Amino acid sequence: MADDSSSSSSSSSSSIAALRAELASVKGDMDTFWLMFGAILVFWMQAGFALLEVGTVARKNTKNILVKNVFDAAIGALCWWGVGYTFAFGPGDNFPKTGENGFSGTQGFFYDLNDRSDKRETHFSGKAMWFFQWAFAGAATTIVSGCVAERCSFTAYLVYAVVLTSVIYPMVVHMTWSAEGALSPWRPSDADDRSGGRLLGGCGFIDFAGSGTVHMTGGVAALVAAVFVGPRLGRFGPNYVLPEPHPVYQTLGVLILWMGWYGFNGVSTLAIVGYSGLAAHVMMTTTIAAAAACLCTTLIGYLIDHIIDPGMVNNGILAGLVAVTSACSTCSLWGAFAIGLLAGPIYVFSSRFLKKLQIDDVVDAVPVHGCCGTFGAIAPALFATPYYYSASYYTDRKDRCAGVFYGGNPAGSLKAAFAAVATIWAWVASTVSIVFGIVRLLGLHRVSAEVERAGMDASKHGGAITVYESERSEGAKVASTAQPASTDGKTHPIQQGEA
């Protein structure tokens, strides 16, 4: 009888163990799929950037801007595979134990990695993480392409893209998102930590999805590039006429970007099992901030210029999305609304200030990504609630690491945020300055005046696109010759253009 009971108990234990193993496998599969789904959404943002830029540049540079966007993805994939991902998330950084490094991984180039110990990679495939983070790297890199459009040489842009994706951006990622990074919030609290209190501000830099890590990095790089490349010929002269924007492409591009942002922010939970509620919260805060910034920016633009400008509407959406990206998981819905409202004037007035400085930014990449990204990097230190901080990071830090508007310690997350912003600005500005400084010394930083006037499509890409003018001419021809049918044999006033 005892033997039967023992056998039954052993069988039950085996069944429970098998069930647990099966559930763990299903959880891993779902979390891996979640990352791949997010990566596809974020990669789709490349199409949004391309359309936005095509809708802003002169028609004679359409092919050039499209090729640059495609190359961002292609070159970025190889650079991220070879060295970028290793610098960002590879092992070999002893900062938590010894204080050495804190800026990059040193092992596993070309994804030659062994089992990982990163606590954020416990429940999903490392290759899915690589795929997801490659899409982020492409977004950071492509921010610059629109800023220096119409005059930056193809050679200079390719050199920049390789260096940013291989070295500059990955080291920012390592500092902020790797568990070993100098600015990272993903280490144990000081009391449980043998690192001698190296957790910045006792909280680390809270940047859930990348206002600082991705957008501020791209925006600072764009600012430096614009300064070194210089403005378009005659851009700030009295007779300069800006290329007529194409609002259809601009608006479609922004809507695609908005859609992709749900992968950018929402899937930054990095897992879906156990985090579906947090992901839903992130997507809702993302939506509210974008909407608030859109309406606020539109209102400011209308009060100043007395028109509702589609460009202002679209960039307002992007400003709100960029600004909320760091705080999307830790702020409340009202916090997201406030972040969006503040992003509006930050974008509008930083854009105008840039023009006063005569810095030529074709697509307003610096105001949108650089300025709103900087504000967004600080936003969690202001708007993070204890409840949502606990859901996103660590329960035992929620009181000291909440935003200062919710009782958090200013010497905690706010100190860490300012230190991180200063560090990232200094790192990106100095390294991108070296890249463009060398390229400029070699005389390769921009195309010749003749090529710029003719357009880069004609000289570099087999000829300019003429479909726009053809359609316009054909439309004018049809409008001038076609006459609607008249039942009384007479020409109505509307047929003569009098209506």
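Here the Cβ of each residue, glycine as well, is placed from N, Cα and C on the backbone.
The annotation domain 'Ammonium transporter AmtB-like' is assigned in TrEMBL to 34-463.
If you look up TrEMBL, you'll see 470-499 marked as region 'Disordered'.
Per TrEMBL, transmembrane segment is recorded for 33-58 (among others). Beyond its flanks by at least six residues, the transmembrane segment (33-58) meets 65-66, 69-70, 72-73, 124-125, 128-129, 131-132, 134-136, 138-139, 142-143, 145-146, 149-150, 243, 245-257, 259-264, 266-272, 311, 314, 362-363, 455 of its own chain at Cβ-Cβ distances under 8 Å.
Per TrEMBL, transmembrane segment is recorded for 70-88 (among others).
Among the features that TrEMBL reports, transmembrane segment is placed at 128-149 (among others).
Under the heading transmembrane segment, TrEMBL lists 156-177 (among others).
For 252-275 (among others), the entry in TrEMBL reads transmembrane segment.
Sequence annotations record features per position, and here TrEMBL assigns transmembrane segment to 282-304 (among others). Beyond the transmembrane segment (282-304), the same-chain residues lying 6 or more positions past its ends with a Cβ under 8 Å from any Cβ of the stretch are 208-209, 258, 261-262, 265-266, 268-269, 312-313, 315-317, 319-321, 323-325, 327-329, 331-333, 335-341, 343-345, 347-348.
Beyond the ends of the transmembrane segment (316-349), by six or more residues, the same chain brings 206-212, 214-215, 254, 257-258, 261, 264-265, 268-269, 278, 281-282, 284-286, 288-301, 304, 364, 367-369, 371-373, 375-377, 379-380, 383-385, 388-389, 391-393, 403, 405 to within a C-beta distance below 8 angstroms of the stretch. Among the features that TrEMBL reports, transmembrane segment is placed at 316-349 (among others).
The transmembrane segment annotation in TrEMBL covers 370-389 (among others). Remote same-chain residues near the transmembrane segment (370-389) are listed as 205-208, 211-212, 214-220, 222-223, 281, 318-320, 322-327, 329-332, 335-336, 338-339, 342-343, 346-347, 350, 397-399, 401-408, 412-414, 416-418, 420-421, 424-425 (criterion: CB distance under 8 Å, separation of at least six residues from the stretch ends).
Among the features that TrEMBL reports, transmembrane segment is placed at 416-439 (among others).
70-88 is the stretch from 70-88, 128-149, 252-275, 416-439 with the greatest number of Cβ pairs below 8 Å to the transmembrane segment (156-177). Residues of the same chain lying 6 or more positions beyond the ends of the transmembrane segment (252-275) and with a Cβ under 8 Å from any Cβ of it are 27, 30-31, 34-35, 37-45, 47-55, 120, 123-124, 129, 132, 135-136, 139, 208-210, 282-283, 286, 290, 314-315, 317-318, 321, 324-325, 328-329.
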